[in-house]
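To keep things clear, I will list the structure first and then write my remarks on it.
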Amino acid sequence: MTIELRAHDVPQLNELGRPGSQKTRAPGRAGAGAWREWRVPVALILLCAVPLGAGAFRLYQLALGAAITPETARFFGAPLPVVLHIVAAAAFIVLGAFQFVPGFRRRMPGWHRRVGRLLVGSGLIAALSGLWMTQFYRLPEHDGALVYAFRLLFGSLMALSIVLGLVAIRRRDFAGHRAWMMRGYALGLGAGTQVLTLGFGEAVVGPPDEGTRGVLLGAAWVINLALAEWIIRRPSSPRVRAASQPPTTRLDRKPVASVAPAIAIP
């Protein structure tokens with residue numbers, strides 16, 4: 001006896017190996033979904049395009065031995081801190097932006113963890129080298145006591161946030177890890193936002209004096225930190241809450257990796 005099976009008689013298995021329909025996504029919707037995933041990291045990198053370019057130009061000057069001016073003499077006198085700061089800050093900004101791509105966290109949790117280790121190291125180097133330069137480099141003429149105080153304050157907060165994020169993930173506190181790393185990353189983006197606040201201030205009141213410049217620079221860090229707090233504390237949809245939890249196995253339902261939508265370190 002011969003039994004003929006037709007296509008509609010065979011149960012379809014979904015991606016979990018269970019009976020169910022296979023859903024296909026139209027090409028247009030797939031492209032829109034990919035852009036939604038990438039628009040945040042692209043925007044973050046574009047925000048810092050000016051300071052990243054300025055840092056690259058500074059490295060170019062140091063490498064070629066450009067003419068020393070009163071503005072650059074401090075860098076040529078002690079180049080190591082500024083080189084460390086530029087390289088570490090660039091890595092922190094660019095690699096950190098990719099941690100906001102949900103597809104990477106879901107499909108490649110190992111990549112998420114490995115990059116997270118690099119981000120902790122680069123973030124701490126950027127913050128600590130920035131504090132060293134603030135403390136030991138000669139203060140530029142256009143900066144004053146207010147800028148000096150803000151750099152010490154927010155540089156210290158950046159380093160502290162990264163350390164607390166590392167402590168949180170060691171304790172398997174994924175929500176705390178996400179929150180602290182997001183705060184640290186927001187403070188690390190301060191130079192990008194300062195381009196906007198300084199440009200806005202100059203457009204409104206003209207070239208800023210020492211005090212106004214300090215206020216505009218400090219406002220950039222405050223804006224970034226306030227936005228990070230809003231993102232951290234806003235109510236999220238069930239889908240977002242599920243995505244922020246560590247993946248579990250079907251056998252023991254225990255966490256096996258961090259996929260918090262920020263920077264993860266095992």
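Glycine is treated like the rest: Cβ placed from N, Cα and C.
As the structure is a computational prediction, the values presented were derived from the model and not from experiment.
Under the heading transmembrane segment, TrEMBL lists 38-60, 80-103, 115-133, 145-168, 180-201, 213-232.
Here the transmembrane segment (180-201) has long-range neighbours at 44, 47-51, 89, 92-93, 96, 119, 123, 126-127, 154, 157-159, 161-162, 164-165, 168, 208, 212-213, 216-217, 219-221, 223-225, 227-229, 231-232, 262-264, meaning same-chain residues at least 6 beyond its ends whose C-beta is under 8 angstroms from one of its own. For the transmembrane segment (115-133), the residues of the chain that approach it from at least six positions outside its boundaries are 81-82, 84-85, 88-89, 91-92, 95-96, 98-99, 151-152, 155-156, 158-159, 162-163, 165-166, 169, 181, 184-185, 188, 258, 263-266, judged by C-beta separation under 8 angstroms. Beyond the ends of the transmembrane segment (38-60), by six or more residues, the same chain brings 66, 75, 82-83, 86-87, 89-90, 93-94, 96-98, 100-101, 189, 191-195 to within a C-beta distance below 8 angstroms of the stretch.
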